[in-house]
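Student: Straight from Swiss-Prot, here's the annotation block:
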- 1-24: region 'Disordered' (REGION)
- Lys7, Arg10, Lys41, Pro42, Val43, Asn44, Thr45, Lys66, Arg85: substrate binding site (BINDING)
- Asn34: N-linked glycosylation site (CARBOHYD)
- His119: active site, proton donor (ACT_SITE)
Amino acid sequence: KESAAAKFERQHMDSSTSSASSSNYCNQMMKSRNLTQDRCKPVNTFVHESLADVQAVCSQKNVACKNGQTNCYQSYSTMSITDCRETGSSKYPNCAYKTTQAEKHIIVACEGNPYVPVHFDASV
């Protein structure tokens with residue numbers, strides 16, 4: 001079974017590009033990362049930074065998660081991210097997404113030993 005840390009990498013890491021390459025980025029990435037297999041995942045964020053930089057956020061600013069848990073951390077610096085949001089015309093299995101590139105602080109939930117990101121909570 002896929003570990004929570006590996007799932008985070010599959011769902012949220014794209015270190016190979018510095019930003020979304022085109023307006024079609026989300027349509028391609030959501031499909032290739034298996035985020036449209038059983039349904040269209042409504043919202044997803046990809047982070048264009050090194051895995052080490054994103055893992056380091058687990059030792060940065062401790063904040064409360066949206067669900068009230070206390071194991072979330074906010075990055076000290078902004079990061080290059082791409083938000084993928086399902087469009088109104090999207091219908092499974094033909095999931096369609098709007099691609100939005102941004103520079104924001106990320107908030108991730110961390111768990112385990114080593115202490116690594118397992119959930120993308122928000123960007124601010």
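Backbone N, Cα and C atoms are what each Cβ position is placed from, and that goes for glycine too.
How about a rundown of where these features are and what they're close to?
Tutor: Note: the region 'Disordered' (1-24) comprises 9 helix, 1 strand, 14 coil (DSSP; helix = H, G, I, strand = E, B).
Take the CB of Arg85 (substrate binding site) and look out to 10 A: across all protein chains shown you find 14 other CB atoms.
DSSP assigns Asn34 (N-linked glycosylation site) to coil, not to a helix or a strand. Using a 10 Å radius centred on the Cβ of Asn34 (N-linked glycosylation site) and all shown protein chains, the other Cβ atoms total 12.
Around His119 (active site, proton donor), the C-beta neighbours below 8 angstroms that are at least 6 residues distant in the chain are Ala4, Phe8, Cys65, Val108, Ala109.
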Student: Around Lys7 (substrate binding site), how many other C-beta atoms are within 10 angstroms of its C-beta?
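Tutor: Its Cβ has 13 other Cβ atoms within 10 Å.
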Student: For a quick check of understanding: given the listed substrate-binding residues Lys7, Arg10, Lys41, Pro42, Val43, Asn44, Thr45, Lys66, Arg85, what is the maximum Cα-Cα distance in angstrom, as an integer?
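Tutor: Output for substrate binders Lys7, Arg10, Lys41, Pro42, Val43, Asn44, Thr45, Lys66, Arg85: max Cα distance 22 Å.
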Student: Could you give the Cα-Cα distance between Lys41 (substrate binding site) and Asn34 (N-linked glycosylation site), in whole Å?
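Tutor: Their Cα atoms are separated by 10 Å.
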Student: Who sits close to Val43 (substrate binding site): which same-chain residues at least 6 apart have their Cβ under 8 Å from its Cβ?
Tutor: Asp83, Cys84, Arg85, Glu86
